[in-house]
Amino acid sequence: MSTIYALSTVFGKSGVAVFRISGPDALRALELLGLDIKQPRPRFVYFARLFDEQLLIDEVLVVYFASPASFTGEDVVELHSHGSIAVLRYISEKLSTLFKPAEPGEFTRRAVLNNRMDLTKAEGIIDIINSETQEQLKQASRHLSGKLAEEYNSLRDKIIKVLSYLEAYIDFPDEEIPETVLAEIQQSIVAIQCDISRYLADGKVGEKIREGFSVVIVGKPNVGKSTLFNYLAKRDLAIVTDIPGTTRDILEVRLDCHGYPVILSDTAGIQETCDAIEKMGITRALKKATEADVIVFLRDITELHLTNVRREDVANSVIERHLDRQVAALGSREHIQIDQRHVDKLIGSSDWAQEMQLNEAGVRSKNMNYPDIEERDLNLRDILDERHEEKDRSVMCHDMMQEHDPDNGECSDDVDRRFNELFTAAKKLEIPVVKVVTKGDIAPTQLSFWQDKGYICISVYKGEGMQLLLDKIFDIISSSNIEAHIITRARHRLALENALEHLRRFNTDLPIELAAEEIKLAANHIASVTGEIKLDDVLDEIFSSFCIGK
């Protein structure tokens, strides 16, 4: 085995840097660097001066770990210097003349090969290094403590016990073995299958804790998706404008939600569009939502909610308040209109609807003190015809008049249909949907309406309702955390699935040798998780994710 070396700390300016040398010739590093340390005692710290001829390069500390009582199971020397770039380069150049630079994870790989740890403990090390939240650290600590290995070894021991009975049948065919033994073997195999099936039915919580729970924000354009995204990210990652369709692609940020890792995604607003790029963004948004662990569905509190309204005066009041808020927010930049056919559909009257729209000229004139706008409003005698001529300057409110709650199957347009399809898919896939209404500070009188419909009301501007939203997301993702989960990687899951498949193939009607082979293969798959059976391709995959020097 060759002797390897690596800088175990970050290359750059720092207070302390640590070099690690492991292998049969590790002690030769002291001579190579000209350090005046003779026959060092294991686990003692030695002070030495590093010279280049007569020039003092640095003052260092040296620790020697003798085989096999070291991290790698080999002789190991650790050299602690100051984190000067010049010093690090000098030491690296010296060590490279005699030793081989370590590959990523090579120190830990040698520890596994020398039986200093199993694969799950090695994975625990890299997970601790990569952990960003408390739950990730707790899960990684279970690996490092050996508890995960205990679970897999216990499962393998049960399979080996069954295999030993079958081997007895094979090795001693002339002996009289009670027929009840085969029945007991069958019962044991069924019990093991139940254990593995239970482990597999964990909702992939272990992988999600390690990689992050996916939380996707969806909604129409300009409902506040990017504003909420930036608020939770605590920095401006998404561009926020009042121009619909600003967000085209998916933006992601990692968050710590009360100890749980969350990957929050901002998506394109769902609307009807002729823009090819925006269409692609909408398609991606809907696809991302169906792959999420939690969907956060946003609506604007200023949306009209005329569903089930049958009184003309109530509907008129709702629309007036809505337009008044919209005009105040938009100023003279936009022209606001109502699509009469949807008012008719909900209210059942056309006479008062058009009259109400004409009366709104006064509301708009009061809020827009600009001569050109005032003149325009006073001539809104044919508001519906003008909508077609000024389509590019209109705020179309008709698509706001129908509720798009997940439990509502009615569709008034293509946008409604796409939302309903999304919520139907989410229900089938058991993806929780958190309903949120934004801009609660604009219309506080309408909060109760939305709260009664199960919405969380927030105001990013005032920071209101944000903790309630985070608590709701936390409740959902934390409820999936099963303390007994033992799968944290895809390779663990694959090993258990393969083992379960071989156990299911076991059949006492088969020749006993073939039946025993299925059990043996099942045991081997379980053993591959901890590394009892070391496969080169498995080792390569695991340690390639390690940093150099670990």
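Note that Cβ sites are derived from N, Cα and C of the backbone, with glycine treated the same way.
What Swiss-Prot records for this protein:
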- R20, E78, R116, K550: (6S)-5-formyl-5,6,7,8-tetrahydrofolate binding site (BINDING)
- N222, T241, I243, T246: K(+) binding site (BINDING)
- 222-227, 241-247, 266-269: GTP binding site (BINDING)
- S226, T247: Mg(2+) binding site (BINDING)
- 212-478: domain 'TrmE-type G' (DOMAIN)
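Sequence features annotated in Swiss-Prot and their locations in the structure.
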{"residue": "R20", "record": "(6S)-5-formyl-5,6,7,8-tetrahydrofolate binding site", "Cβ neighbours (10 Å)": "22"}
{"residue": "E78", "record": "(6S)-5-formyl-5,6,7,8-tetrahydrofolate binding site", "Cβ neighbours (10 Å)": "20"}
{"residue": "R116", "record": "(6S)-5-formyl-5,6,7,8-tetrahydrofolate binding site", "Cβ neighbours (10 Å)": "18"}
{"residue": "N222", "record": "K(+) binding site", "Cβ neighbours (10 Å)": "20"}
{"residue": "K225", "record": "GTP binding site", "Cβ neighbours (10 Å)": "29"}
{"residue": "S226", "record": "Mg(2+) binding site", "Cβ neighbours (10 Å)": "23"}
{"residue": "T241", "record": "K(+) binding site", "Cβ neighbours (10 Å)": "10"}
{"residue": "T246", "record": "K(+) binding site", "Cβ neighbours (10 Å)": "17"}
{"residue": "T247", "record": "GTP binding site", "Cβ neighbours (10 Å)": "23"}
{"residue": "A268", "record": "GTP binding site", "Cβ neighbours (10 Å)": "27"}
If we check Cα distances from T241 (K(+) binding site), which of the binding-site residues R20, T247, A268 wins as closest? T247
R20, E78, R116, T247 screened against S226 (Mg(2+) binding site), Cα within 10 Å - retained binding-site residues: T247
If one measures from the C-alpha of A268 (GTP binding site) to the C-alpha of N222 (K(+) binding site), what distance in angstrom results, rounded to a whole number? 10
In angstrom units, rounded to an integer, how far apart are the Cα atoms of E78 ((6S)-5-formyl-5,6,7,8-tetrahydrofolate binding site) and N222 (K(+) binding site)? 57
The rounded CA-CA distance in Å from N222 (K(+) binding site) to T247 (GTP binding site) is 10
If you measure between the CA atoms of R116 ((6S)-5-formyl-5,6,7,8-tetrahydrofolate binding site) and T246 (K(+) binding site) and round to the nearest Å, you get 54
